[in-house]
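Undergrad: Submitted below is the structure of interest, expressed as C-alpha cells.
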Amino acid sequence: MDVVAFFTEILKFRSITPDDDGCLKFIAEFLGDFEARFIEKNGVKNLILSKRFGDGAHLAFAGHVDVVPPGEGWQSEPFTPLMKDGFIYARGAQDMKSGVAAFVCACRDAKNFNGRLTLILTSDEEGDALFGTLEALKILKERGELPQFAVVAEPTCTGVFGDTIKVGRRGSINGKILIRGVQGHVAYPEKCVNPVHQIAPLLSRIAGHDMDAGSEFFSPSKIVITDIRGGMEVCNVTPSELGIMFNVRNSDITSADDVKNYLQSVLEGLNFELSLKQSSKPFLTDKDSKIVRAMSKAVQKISGVAPQLNTKGGTSDARYLAEFGVKVVEFGVINDRIHAVDERAGVKEVERLYLVFKELIENFA
C-alpha cells in the first residue's frame, strides 16, 4: 500500500476528537514490525510505536489522528475521501492525517537508518490535549526512552509546499482584569466610582501593547483584549465593576510575570484583581541544531524550495516535546483549508511529504 492509498484509508475513520474510531489499531497493524504500546487514559487513546535499527540517534515523529467535527455544507461526505482535480477531500486531510500517513509510510520504507525510530500518535490534540502526547511523553521518560529529536507533521506550509518549517511556537497567556467601583445614579457622578471612566484613559496603554520588540523568530508579545463588559445595560446607573479579558501570545522574551508586573503598574491606584494563566509555554529550537539543518536540507532537496524558519500560528503538541527537552521541528502540507468545509490536501503534496520524511530518516546520521 503506497502513501496515497494509506492516506485514503485513514481518512475513512470517523475520528472526531477524542475518539480514534479504530484508526490507531489500523496503524499499529500496518507497522507490524514496530513494537506497539497502547495507552488509554480518561477516554483518550494513544499509541507509541518503536523500532531500533542501530545505536545511532533516536528520532521521533509525532501526530494526531483526531479531527474536529466536519460541520455542514460539504460537497461530499466528509469521511468518504473524494479525489478530484489532484486533491483528496475529507475531514483531517490537511490537519493532520496527511502528515501521519507520510511519516508512517516513510518509517516503514526508509533504508540505511542506524538509530531508533519512535512514532507518537494521539487522539487528543484537537480537544483538551491533556491526556494525549503529554501522557505518552511521561511514559517514555519513565522508561528512559525519550527521543533526542522529533518532527511533528502539522501542516506548516502557507503558499507552496516546502515554504515553511516551524522551529518554535509562541506561548499563550490568558488574563482577566476585574475593576471594582461604586454603583450609583448617573445624575450624581460625584457619589459614584465609575470603573468605565477609570479604565478609559488607560486602555491605550493596554490594548495592543507590545511587551517586547520581538526577535529573529518571534513577533512582539502583544496584549490583545478579547472582551470588555460592565453595567446592567441601562443608561441611568453606573456599573459597580468592569471586567476585561485578554490574551498574550508570548515569545521566550516575555514571561507571565512580566505581563503581571506591567499591568499592575498601569492599574496602580485602582481597586482591581488580576489573574493570569499560562496555558502553553513558548519554545524555540536552535536554527543550527541537527534536526533543523537536516529537515531544511530534506525539504529543499525534495521540494526545490528553500524553507523559511518561523514560529507563527497557534499552539501544537510540539510544545510538550520541547518541555521534555526534545529538539523538535514541525513540517507538513499547505494549511489553507484546516478545520474548513471541504478540507483537502494535494495528492502530490502528500507524496512529496512522504519523500521528505524518508529522505530525513535515511540521512539522519
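For all residues, glycine too, the Cβ spot is worked out from N, Cα and C.
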Undergrad: Using only what Swiss-Prot says about Zn(2+) 2 binding by Asp95, His339, identify which of Glu126, Glu135, Glu142, Glu145 is listed for that site too.
TA: Glu126
Undergrad: Give me the CA-CA distance between Asp95 (Zn(2+) 1 binding site) and His339 (Zn(2+) 2 binding site), in Å, as a whole number.
TA: 7
Undergrad: Roughly how many Å separate the Cα of Glu126 (Zn(2+) 2 binding site) from that of Asp66 (active site), to the nearest whole number?
TA: 7
Undergrad: Around Asp66 (active site), which of the listed recorded positions (Glu125, Glu154, His339) come within 10 Å, judging by Cα atoms?
TA: Glu125
Undergrad: Neighbour count, 10 Å Cβ-Cβ cut-off, for Glu125 (active site, proton acceptor): what number do you get?
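TA: Around the Cβ of Glu125 (active site, proton acceptor), 26 other Cβ atoms lie within 10 Å.
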